[in-house]
Every structure is written in C-alpha cells, then in structure tokens.
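*Asks:* This is the structure I have questions about; it appears just below.
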Amino acid sequence: MATAVTGLRDWALASATRGLSVVDRALNEEDIRLAITGLSGAGKTVFLTSLIANLLAMAQGRATLPALQAVLDRHGGGRLRGVRLVPPGAGATPPFDIAAKLADLAGDSPHWPARTDHLAEIALELEIGPRGGMLGQMRGFVGVRRLRLRLLDYPGEWLLDLPMLGQGFSAWSRETLALLRQSPRAEAARPFLDYLGQIDGRRQAEEALVRRGHRLYREALARAQAEHGLRWLQPGRFLAPGPGVEQPFLWFFPIEGAGGPGSMIALMSRRFEAYRADMRSRLEALRGFDRRIVLVDVLGALAAGRAAFEDTERAIAAIGAALGGGRWFGRAAQVAFVATKADHVPELERANLRELLKSMAESGAGSGAGPVAGASFHVAAAIVSTTDGWADRPDGQREDVVWGRVLGEAAPRAYRVGSVPIRQPPAGFWSGRSFRLPIFTPPSIDPSGATGVPHLGLDTLLADVIGDRL
Amino acid sequence: MSGFRPGFSDEPPPPQREPVLEPGFVETTTPAPAAPDWSPASTAPPATGVGALGWIAGGLCLLLGGSLVMSMIGFAMDQMARSPTLGFVTLGVQAAAVLALGAGAGMELRAWRRLRLVDGLRLALTDPAMPLETARAAAIDWLDLLGARLPEVAITRQALLDCTSIAELRAMLDHRAIAPLQEQSRRAGERAGLQGAALVAIAPSPALDGLVAGVRGLVLLREVAAIHGLRPGLSVTIGLLRRVAHTALGVAAVDVAAASAADYALGAMPGVKHIAAAVPGAGLTARRLYRLALAVAEACSPRGDFTR
Ligand SMILES: Nc1nc2c(ncn2[C@@H]2O[C@H](COP(=O)(O)OP(=O)(O)OP(=O)(O)O)[C@@H](O)[C@H]2O)c(=O)[nH]1
Ligand SMILES: [Mg+2]
C-alpha cells in the first residue's frame, strides 16, 4: 500500500513537473536573437567580449551600461535580477569561448584575442523582474521573465557571397576576373593571373592543376586583404573557411570560357554549384536572428587609402542589402551599423565617423544597392584603450589627439588621425598612401569581472537594439 | 583645434593644412594625461546605518544588562555581609550561571562560524579570480562539516581533489553534495507540508493557521539547516531567516514549476487531498512549507542561487 502511494506520488510529481515546466517556459522564457557581423578585423570578437563582460558586471550591481540601465529603470528600479551564461545545448554552432577571451584581455600581459575564422554562438539569460504598475505586478505572479539573449559572431565575408547566389560560374568568373585585372588587385593577384595564362580550362580536368590554381587564387585574396586593405573579395569562405577539414567543393577559382564534360571548367562549375548550396545552409544560421549589428572599421578603411575605402564601402552596402532585405516571421529585420574602434579618434571626430558610416552604407559605390530600410547608425569602442587629450607640436600648433600605449611599447604616445570627413571624401583628400591604425595595448581589466570593461557607446547601442524587449 | 580657424578675408589667411588624411603619431613634449579611471558606480542602494531604533535597542540592552550585573554584584555583597558562607554560595551560583551563559555563547559562535564557512565557500566558487586551490580547500572544509550526512564522502572528497578547474569544482560539488542535500530538504519540506496540513485541519480556529504554519516552519528551517551540517542555534536561525527573506522571492519565482508540481503532488496524495478538500487553508499551508524548505536549502548551500 505504502509503496503504491509513493509510486503514485512520484509519478504525479514527475509528470506535473514536466507539464508545468513546459508552461513555465512558455510563459516566462523569451528569445532575442542578435547577430553580430562585420568584415574580418572589424572588432566582432572584442565587441562580444566587452558586451558580455559589461552585462555580467551590470547584474552584479555596477553601472557599466548606463543607457541600458535607464531603459530598465523606466519601468521600476532594480529589475535586472541576474545575468548568467547559458551553457551550450545540443547545437552544432561552435560556442563563443568568453572565458578564454577574457583571460586574454585580463591576464598579466593584456593582449587582444586571436582572429576567428568561423561563426560562434553564445547565449546569456537575463532575469528581469516585473514592471511597475498594476499590470506589471500581476505579471509578476506568473514568474520572473527570463530573456535569452542569443548572440552570434558571424563572419561578414560569408555575406559577401550573397550576390553569387544569382550568378552562374561563368558569369561570376567573368566579373571577378575583370575586377581582378584592375589595380591594386592586379598587383596582389599577379602570380594567379600569370598562372591563368598557362592553363586551358577546356582541357581534361587535372586535379593537381586545379588545386594549384585554387591555392594561388586564395593567396591573391589574402594578399589583397592584408596588404591593400581590400574587402570586396569573393568567395568569402576562401578567407574565412570555418571550422573542420576543407571540403573538396571549395577547390575552384575563377576562369573564363566554356568547357565540355570532363573539362577543368566543368569540374569547377560543379564545385561552384556545391559551394552555393553550402552557402545557403550557412545563411540558415542567421535565420531567426532578426536583430543584426554590422560592425565596420571605418577608420581602418579610411586610413588604408582610396581603393580600400571604396572596396569596404561596396562590401558594407552588400552586407547591408543582404541583412536588411527579407522579412523574418513577418517582421522586418533591424540592422544597426556601428563604426568601431572609435577610441582611435578624439571625441570631436566621433560624430563625423557616424555620418561617414551612414553615407558609406547608403551609397555603396557601384553596387547598386539602395539604402537599407530601417537601419540605424552608431559609433562605439568596445574596449577603450586610449585617453582623449591634446598635444603641442614643435611648431606651436595644438592638436586634438588620443594618447595610447602601442602594443609592446612602454610609454603612451599622442596619436591623431586628422579630420574625419562626413561623407565620401573628394579625390584631393587621398594622399595616395596607405596607413594602418596602430594597435594599442588594451587597458588592464579587473580579472574578477566585477567592474566590466571600459567602453564607449555600447550602452546606447544596446538600448537602441534590444531596449524594446526589456 | 585643428580645422577651425576663423578670420577676416582681407587679412592674410592662417596657414592651412591640406585636407589630406595622414594618420600618425604627433611629435610633442606635452606630457600624457592620466588615464581616466574606469570604475562604474555601484547601483546597489546605499547601506542603511544604525538607525534610531538600533540605538534605542542598544541602549535598552545596555541598561538591562548593566543593571542586571550591578544588582548581581550588589546582591552578592549583601549576602557576604550577612554571612560569608551565604556569600560564597551566592558567588558560586552566579559563577556557574555565567559559565553556562559563556558556554552557550561559545556554541552560538561556533555555529555562526559554520554559517560563515558556507558563505566563504559560496564566494570562493563565484569569484573568477580565486585560485583553484583556495576554492578547493574551502570546499573540502565544507565537506568535512557535513560529515556523515552525505553518502560516499570519501569518493566525493577524491572527486573534488581531482577537479582541474573552478567550473569543474563547482559542478562536482553540485553533482555529488548539493543535489543530494537538496533532495533531502525537499523531502523534509514535503513531510512538513503534510504535517502542517493535518495540523491546520485539526486547529480549532482558522485564525491559528498562521501560527501553525509559523511554528512548523521554524522547526522545518532548523531541520533543513541540520541537513546542511549547520547547528541551528539562535544566531544561525535568525541569520537564515534573513537570508530566506532575501532569496524567497527568487526561489518562489524560479521554482514556480517545481513548487506548483509540489502542489499537485501534495494534492494527489490521499492524505492531503482529502484534508485540502475539506479544510480551505490546509493546501496553502502545505505549499508554503514546501517552498520554505526549498528557500532554506538554497540559503544553506554554498552554491546559493548560483546553483541554476
Ligand atoms: N583600440 C581598440 N582596438 C580595437 C577595438 N576593437 C577591436 N580592436 C582591434 O581590432 C582587432 C580585431 O578585433 P577582433 O574583435 O578580433 O575582430 P574580428 O571582427 O573578430 O575579426 P576576425 O575574427 O578576424 O573576423 C583587435 O585585435 C584590436 O586590436 C576597440 O574597441 N578599441
Ligand atoms: Mg573574431
């Protein structure tokens, strides 16, 4: 009898728990999906790290994100009950290793996290108390809301592939090669272009020759990116291959002409088709991420010279068009463009940076993409590594500068970029030279994470992007 | 200061810089400014100091305690004056009383220390800057405090010694120690719920419901504290009550599913079901006691509300 009762009780408890936790999840759990994208080096990883560190510190009672706090406090104080990291479930997306990133930044010798060449996901759970007022209090009886902020670090290079979806192999090859033969791409791609002259794509496919061409093309892309700051480079997976071993369908390169069955061209156009299919599945990762942040290293592009700037402009416009278009679950996706690394310029120039970003995204030299609907524009520095100030030059002129310690040096130096134009600069602006932004040492950060990370503008950005759901 | 140079057009123009972007370092003798402090303000409400009531209570205690001591001394001296034998007997009695008080206070202190040990471990487990060995030592200390209340302590201890990171330590502690204790507490809560419901059913007046729940709740709190290896003295009980008040809200909300499941399960039990149907307050009392058990377990365990 007793065991029957306990058995009945256990069964009732188990099934009730199961049923009620389903109800609880339905009532109290919500998802916000926020994709962070941008071309390589735009600062995605650093941005995510700072965002998470500051949210965690905010939950521990520090005003690290004042504007976001103000949004929360609009409906009553102390509503953020806690923030925690959600352990990865059974998904296939590689997790974003926040602990390792923080260890890089907060260690004894602070340094920037390494490059990432694939997407990564992480989720935070924000426990948010009820709003004030009668309705809010009544909502409180149902439980504390658990807002899951799912964050995705998505390589912007993959979005540059989007125009390829509408092209066949020969059309793509023609367009790509025409661009590749222009300076400064031609200099970067010299060995590849020379190789193209030595082979005939209509002949029998020789795997070794295809692989060599592929390798040379890939090297050309990497050189164009690293040495000339170019950004409009396809296919994106050649630069950001993603995790795991390489699939054979990656092994192609642009080549003109038409070939019969069994020819080199036929093989590569089959691979091209497979690449496009893979690309579609890769874009699937973005499904449901209806809020997107596009990070742009505007300053880096500006400093790298005219070709790099225009290339970035084109790439940004393409990314904006890819993200802004389409409706997800009946709602237009929101896109926020952010000019990153704003700590490289003094305060006066930061507003210009935003204006410049806006005109970059809206014009998109030659890409034909119109302005992105519903886009907003911001400036931010995820981790402020400099101090605003001024410096007197030997000729007595005073300049607005930022003071920062270059990585590996002992003393801070005064750095100035010059005036940031507010829209596409005229031809006379370009000096014909290409500069690189210095890499400043990140500030030392409290390793316990209690005080967050110094940033600029992350809070207003977040308030704008997710504020409506708090 | 760089681009903005106002002036009249009939005066020689000031030297113009090219509108060319030439980023670079500026040669200067200007000293670098101090880096601004990044220390975001705390958003916690300011701590309230000792208020008027605190001072009044302190004063009253001093007054009572002081006059008690004075009257004890006076009484002993009186007796001494009457007859030395009587005086020494009085002194002896008084000394025994003081000793007993001292022993009690000592026990209270030790019990309080145990609670602090749990707090210390909780801190060690959440502070990312804490070295692994320190956290491990705190965890082992806590395990020793539990003693035989846990099954297979030796395996648990070895498992903790084998952990290679704080995250692992936390998870292992949860897995091998905290979860079983939580389960025991849950069962204590169920038992208390059942008894509470029965008591409410036989209480002569509905006005006594609250009293029944309160008394059974206090007993439950001490039970759960004992499950967690704490000695539920006066100070520990009060300390726990405060913590429970602090966490109860969170527990109530977070475990809405679990607690409602308990309602359901308690309701499904033949005893409670019938009592609850007949006596309106009984089900509520049972539910409250069950939730209290969960809240106290959370307050007593070193993972606290970080368990989730
Ligand atoms: N001063 C400063 N430098 C920054 C900031 N954000 C990024 N950087 C610099 O930009 C570099 C690249 O940042 P990442 O976050 O790794 O860029 P990413 O977009 O993740 O790049 P990939 O992983 O290569 O796609 C860093 O190593 C820093 O040197 C910032 O807020 N301030
Ligand atoms: Mg990265």
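Glycine residues also receive a Cβ, built from the backbone N, Cα and C atoms like all the rest.
Quick paste of what TrEMBL says about this protein:
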type: COMPBIAS; residues: B:28-43; note: compositional bias 'Low complexity'
type: REGION; residues: B:1-43; note: region 'Disordered'
type: TRANSMEM; residues: B:52-76; note: transmembrane segment
type: TRANSMEM; residues: B:88-107; note: transmembrane segment
*Asks:* Sequence-remote contacts (6 or more beyond its ends) of the transmembrane segment (B:88-107), Cβ cut-off under 8 Å?
*Replies:* 72, 75-76, 79-80, 231, 233
*Asks:* For the transmembrane segment (B:52-76), could you work out the same-chain residues 6 or more beyond its ends whose Cβ comes under 8 Å from its Cβ atoms?
*Replies:* 87, 90-91, 94
*Asks:* How do the residues of the compositional bias 'Low complexity' (B:28-43) split into helix, strand and coil according to DSSP?
*Replies:* 0 helix, 1 strand, 15 coil
